[in-house]
Amino acid sequence: MQQLNPSEISEIIKQRIAGLEFSTEAQNEGTVVSVTDGIIRIHGLAEVMYGEMIEFEGGVYGMALNLERDSVGAVILGDYRGVAEGQKCKCTGRILEVPVGPELLGRVVDALGNPIDGKGPINTSQTDAVEKIAPGVIWRKSVDQPVQIGLKAIDAMVPIGRGQRELIIGDRQIGKTAIAVDAIINQKGSGIKCIYVAIGQKASSIASVVRKLEEHGAMDHTIVIAATASDPAAMQFLAPFAGCTMGEYFRDRGQDALIIYDDLTKQAWAYRQISLLLRRPPGREAYPGDVFYLHSRLLERASRVSEEYVEKFTNGEVKGQTGSLTALPIIETQAGDVSAFVPTNVISITDGQIFLESSMFNAGVRPSMNAGISVSRVGGAAQTKVIKKLSGGIRTALAQYRELAAFSQFASDLDEATKSQLEHGQRVTELMKQKQFAPLSVAQMALVLYAANEGHLKDIEVNKVLDFEAALLSFAKAEYADTIAHIDATGDWNGELEGKFKELITKLKASRTW
């Protein structure tokens, strides 16, 4: 019988212990107490962070929104029908992140960055947090570079700059989305990346917008984020934040981006629904107390950041370049009531508003912008030199026209000066009309504004003004292509260019009768 040496036994045990694979992992687990309308109450989930991702059985995720003494209230991100009472769930230790990067351009994704356009997976290499702190005061720069929308009324009277927040507000079905889509189409070739966030809209409406962008070759520089009316309230609430994170990717690397939130009213409705289901105390119009903070923390992230910020963020890879994220939030009003809770909140947060009126839309003035109460708080600082020089008289003419038009209804005989002002105002109002998907370049806009300012429309019938404009632009393209190209490239305005414009209009008028 073989004798075992005690030292050998101890050696074998040591080897076994050394080769033993064991790992302990502490998991923070809880139990689902109730599931109602996409809201899940969880018991026993200690040390969970606000906004942390929670993993349920079946690979479904939720987000912690209410942290109470003995329970956690979470919203489910996806289909909650597989989650049942008594199931286990665990913390992930991660805040919600979405994919970011240029790979997303040309694609349609949901609020979590998952592709929904049937074009296969998106191979992004980076993700970023949905909730981020806006850049501080010290990292910001003043807004002084233009974002050309391509619409005469907006670029002339309410100029938008890179890094600005300009609200588009009005009733339903009066062209709010049309302005936003035109803005995206006009960025083709400008280097500005666009993000269109559709919140709570019909899937057919979103498909129509995507189709229009594809038709005009604008999808190559655009990301579309869709949280449709059939998506859970949590997705509609998160979509704008996800879009903002995708836009910040470009801003932080010294590029320019434009984001459109269509519309923030539906995001506020979704947030109200979530808050009421979480049993948070309701306030005015049943909105929770922090609905202002919901929109302010989102819109403050749109900014123009300094060269130092970009250099620091990119670790010195990008130098001497500013970055910007321009926001065009849309708010839907009920019967023109801008004094409701959400409209007043967003008006106070943004740097100006484009107010669209139903009466003007129904009268055929499209875009139906009311020039009297629409304003850009950045103003001329963000306009190109030529547009700034030529647009001054347009707002004045429209303001005087509105005042005199109201007065002339009661007065029977008007003096010649008043009649002249009224007629000029009528022509300018007609000139500000513009078809959808037909944005103008800087030079084309300058030519049209010059014709209005210098009284070249006086002898044109009001109903022929738009025909004259079309002929003018066509003639300029054929005969004065160099002048148009020069203004488009430089934005300059001087006596020589003014002479060319005058000569152009005179030649056109001499060539045919109006």
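Note that Cβ sites are derived from N, Cα and C of the backbone, with glycine treated the same way.
Since we're looking at a predicted model, the values are computed, not measured.
Here is what Swiss-Prot says about this protein:
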BINDING   G170, D171, R172, Q173, I174, G175, K176, T177  ATP binding site
SITE      S374  site 'Required for activity'
Would you count the other CB atoms within 10 A of the CB of S374 (site 'Required for activity'), including those on all shown protein chains?
22
Whole-number Å only: compute the distance from the Cα of T177 (ATP binding site) to the Cα of S374 (site 'Required for activity').
17
Provide, as an integer number of angstrom, the distance between the C-alpha atoms of G170 (ATP binding site) and S374 (site 'Required for activity').
11
When you measure from the Cβ of K176 (ATP binding site), how many other Cβ atoms are you left with inside 10 Å?
24
Quick one: Cα separation, G175 (ATP binding site) versus S374 (site 'Required for activity'), in Å?
15
Applying a 10 Å Cβ distance cut-off over all chains shown, what neighbour count does Q173 (ATP binding site) have?
10
Environment of G170, D171, R172, Q173, I174, G175, K176, T177, the listed ATP site - residues of the same chain whose CB lies within 8 A of the CB centroid:
E332, L356, F361
At a 10 Å cut-off from the C-beta of G175 (ATP binding site), count the other C-beta atoms across all protein chains.
19
Could you tell me which of these binding-site residues, G170, D171, I174, T177, has the fewest other Cβ atoms within 10 Å of its Cβ?
D171
In which DSSP state, out of helix, strand and coil, do we find T177 (ATP binding site)?
helix
